[in-house]
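Novice: Starting off with a structure, shown below.
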Amino acid sequence: MGKEVDVSTLEAGGARDYADPPPAPLVDIDELGKWSLYRAVIAEFVATLLFLYITVATVIGYKHQTDASASGPDAACGGVGILGIAWAFGGMIFILVYCTAGISGGHINPAVTFGLFLARKVSLVRAILYMAAQCLGAICGVGLVKGFQSGFYVRYGGGANEVSAGYSTGTGLAAEIIGTFVLVYTVFSATDPKRNARDSHVPVLAPLPIGFAVFMVHLATIPITGTGINPARSLGAAVVYNNNKAWSDQWIFWVGPFIGAAIAALYHQIVLRASARGYGSFRSNA
């Protein structure tokens, strides 16, 4: 276990073995003139498109395979199951974060972008453009699923997020808050510069715990809300499916993830990394 030590003692004894990057400016208009920003925005658009295409196609395929009227009396034993759906979401996040982390940071989720914005990891300009690209990419990704599986898409619910029968709105909202907290907390932990400096393998493995966090949250919340924890994912399916229930529940899949992301950002920045940012006089030597 780590021992609490005074920061002044550490500074007197030696320099830190890591450095926190400077906070991103709140509004950085100069970014708009840099190709790196637009390259990152394109990467977020493509990654979210691919994420929604693969995952929603998996959901539709599973429902078709387990439909007794379409697949016969043994349909209940077919398909990938909830476990397979959770793997599809978590696996795609692992793959896409790995592919895009060096270009855009691999957010692929407005809630993640929002949390990183609150922590001053990205500017307001970048955050807005990322969110817009993510939402547009999600709509296009689900649109591809509908185009390729037009015979099944509407019949099997379009992959839209809704609060399931038997669960209250409050339960659905709480599930989205807690699920998003787990995801965004994992993102902060996996990309912490302190850990990256002391454990050389951490930057390489960062996509793995993030993908596993998505996988585990899906196992817990698919029965409740179908698992949003990503406002772009929920919006994309709602826009293409265009069902009243999906739209009436849509606010849950924005408010919940944004609250969860905000709590995770505050917890990591104010509690866990307080001393590194001047909020306290002690830090752990672990």
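Quick reminder: no glycine exception, Cβ is built from N, Cα and C everywhere.
Heads up, TrEMBL stuff is auto-annotated, nobody curated it.
Per TrEMBL, the feature transmembrane segment maps to 41-62, 82-103, 124-145, 165-190, 202-224, 251-272.
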Novice: To the transmembrane segment (202-224), which of 82-103, 124-145, 165-190, 251-272 is linked by the most Cβ pairs under 8 Å?
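Specialist: Looking only at 82-103, 124-145, 165-190, 251-272, the most contacts with the transmembrane segment (202-224) come from 82-103.
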Novice: Which stretch from 41-62, 124-145, 165-190 shares the most C-beta pairs under 8 Å with the transmembrane segment (251-272)?
Specialist: 165-190
Novice: Determine which residues of the chain contact the transmembrane segment (165-190) at the Cβ level, with the cut-off under 8 Å and only residues 6 or more beyond its ends counted.
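Specialist: Beyond its ends, the transmembrane segment (165-190) has Cβ neighbours at 109, 111-112, 115-116, 119, 202, 205-207, 209-210, 212-214, 216-217, 220-221, 224-225, 227-229, 249, 252-253, 255-261, 263-265, 267-269.
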Novice: Could you pull out which residues elsewhere in the chain have a CB under 8 Å from any CB of the transmembrane segment (124-145), counting only those six or more residues past its ends?
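Specialist: The answer is 24, 26-29, 31-32, 37, 40-42, 44-53, 56-57, 60, 104, 107-110, 113-114, 116-117, 153, 158-159, 231-233, 235-237, 239-241.
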